[in-house]
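Enquirer: Residues or ranges marked as domain 'KARI N-terminal Rossmann' by TrEMBL: 1-181. TrEMBL lists TYR25, GLY26, SER27, GLN28, ARG48, SER52, GLY133 with the feature NADP(+) binding site. Look at TrEMBL and you will find HIS107 tagged as active site. Annotation source TrEMBL lists domain 'KARI C-terminal knotted' at 182-327. The Mg(2+) 2 binding site annotation in TrEMBL covers ASP190, GLU226, GLU230. Marked as Mg(2+) 1 binding site by TrEMBL: ASP190, GLU194. Annotation source TrEMBL lists substrate binding site at SER251.
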Amino acid sequence: MAKVYYQDAVQTNVLKGKTIAIVGYGSQGHAHAQNLRDNGFDVIIGLRQGRSWNIAVQDGFEVKTVAEAAKAAEVIMILLPDELQGDVYNQEIAPNLEAGNALVFAHGFNVHFGEIKPPADVDVFLVAPKGPGHLVRRTFVEGGAVPALFAVYQDATGTAREKALSYADGIGSTRAGVLETTFKEETETDLFGEQAVLCGGTTALVKAGFETLVEAGYQPEVAYFECLHELKLIVDLMYEGGLENMRYSISDTAQWGDFVTGHRVVTDATKAAMKDVLKDIQDGTFAKGWIEEHKSGRPNFNAINEADNKHQIEVVGRELRAMMPFVKPKVKMGV
Ligand SMILES: NC(=O)C1=CN([C@@H]2O[C@H](COP(=O)(O)OP(=O)(O)OC[C@H]3O[C@@H](n4cnc5c(N)ncnc54)[C@H](OP(=O)(O)O)[C@@H]3O)[C@@H](O)[C@H]2O)C=CC1
Ligand SMILES: CC[C@](O)(C(C)=O)C(=O)O
Ligand SMILES: [Mg+2]
Ligand SMILES: [Mg+2]
C-alpha cells in the first residue's frame, strides 16, 4: 500500500514565519489562503484589480499585484486558471523570483506540458487537493478535510519535500491523508478523472439517462429526481463507505439491476474510449487543444456551456430546487 501521510507525520515548522503568496483567489485560492491563515501561516494574496481582489480584501487579506506578491513572498502558490498561468508567470512572477524561493502548484499541467519552465535555483512542488476548492474550505471549517497529492519537481534547497508536506498540512489535507506522486502522475490522473468520470463522464451519463426517460414520454420532473437529484444521495453513501455501503442501503432489486445492467451501459466500448481519452492526455493532444481553444477566444467552450445551461434538465432542475431551500447552493457562483 502507498504511504499516506497524516498530521502526526508532518514537520510543519519549515513554512511557519515565511511569507506565502497565494496568487489567485478563486475556488482553490480562497480555500488555501483561509485554511493556511487559520493554521497560523503568514499569507498574502496576489491578484489583478477586480472581483477577487475586492473579495480577498473583504476577507481581511493583504492584497498586492501578482508581481508585488511574488517579490514579497518566499513561497508562491499559483492558483490561477491553468490556461492563463504561462503568460502571468512569464510576465509577473518569473522576473520577481529569487534563489531559494518555492514555486508551488495545485495541478502539474503547466510544468508537465512545458508551458512554465522554472529556473534551476527555486524549489518547485505541487500540493493538489483531490476536491473542489469550496469543499477544501467547507470540510476544513467542519473539522474534516479533502485529501491531497504532493510532488517535488525540483529541490533546489534540499527542503522542497518538507515544505510540500508542511503546505499540505497547512491547508488541512493531512487530516484526510496526503500521498506522494509525480507531476506526470498528478497531471494525467487528474485530467483523466475529471474528463472520463467525475465531470465529463458523469454529466454525459446524467443527461443521457434524463433524455432517455423524457424521450420515452416520462415526466421531466420525475426524470430529474431520478437521474440527477438522487445521484448525490447515492454518491454520498459511496463516499462514506464505498460501493458496499451504498449497496447495503439500496433495495436488493436495485442491487441486482446494478449488477446485471451497469455493464450494459458502461461497456467494453466505453472502457476503450476511456483508454483513448487517457492516450490524448498522455501525449499532450488534450493540453494542446485546450490551450488553442482558449487562445482563439473559446468558441466551442462558450457554445457548449451556453447550450448545456439551457438543457431541459437544467431548466426543470432550477424550478424544482427553488422549492427545496435546503438544497440551495452553498457555493455562491462567481466566488
Ligand atoms: N477548482 C478546483 O477545485 C481545483 C483546481 N485546481 C487547480 O487550481 C488552480 C486554480 O484553479 P481554480 O481555483 O479553479 O481557479 P479559479 O478560476 O476559480 O480562480 C482563478 C483566480 O485567478 C484570478 N486571476 C485570473 N486571471 C488573473 C490574472 N491575469 N492576474 C491575476 N489574477 C488572475 C481570478 O481573479 P479574477 O476575479 O480577477 O478573475 C481568480 O481569483 C488550477 O491550476 C487548477 O487546475 C486543482 C484542484 C481542484
Ligand atoms: C474534478 C475537477 C478538478 O480536477 C477538481 C475539483 O479536482 C478541477 O480541476 O477542478
Ligand atoms: Mg482534480
Ligand atoms: Mg483538475
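The backbone N, Cα and C atoms fix where each Cβ goes, glycine too.
Because TrEMBL annotations are produced automatically, they should be read as predictions rather than curated entries.
How buried are the listed features, and what sits near them?
Expert: With a cut-off of 8 Å between CB atoms and residues at least 6 apart in sequence, the same chain places ALA33, ILE45, LEU47, SER52, TRP53, ILE55, ALA56, PHE61, VAL63, LEU79 near TYR25 (NADP(+) binding site), listed in sequence order.
Around the Cβ of HIS107 (active site), the same chain contributes ASP82, LEU126, ALA128, GLU186, THR187, ASP190, each under 8 angstroms and 6 or more positions distant in sequence.
Every protein chain considered, the tally of other Cβ atoms within 10 Å of the Cβ of GLU230 (Mg(2+) 2 binding site) stands at 11.
Secondary structure from DSSP puts SER251 (substrate binding site) in coil.
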Enquirer: Cα-Cα, whole number of Å: ARG48 (NADP(+) binding site) versus GLU194 (Mg(2+) 1 binding site)?
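Expert: So the alpha carbons of ARG48 (NADP(+) binding site) and GLU194 (Mg(2+) 1 binding site) sit roughly 28 Å from each other.
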Enquirer: Around ligand 4, within a Cβ distance of under 6 Å, which of the binding-site residues GLY133, GLU194, GLU226 show up?
Expert: GLU194
Enquirer: For a quick check of packing: other C-beta atoms within 10 Å of the C-beta of SER251 (substrate binding site), how many?
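Expert: Result for SER251 (substrate binding site): 9 other Cβ atoms within 10 Å.
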Enquirer: List, in residue order, those binding-site residues out of GLN28, ARG48, ASP190, GLU194, GLU226 with a Cβ under 6 Å from any atom belonging to ligand 2.
Expert: ASP190, GLU194
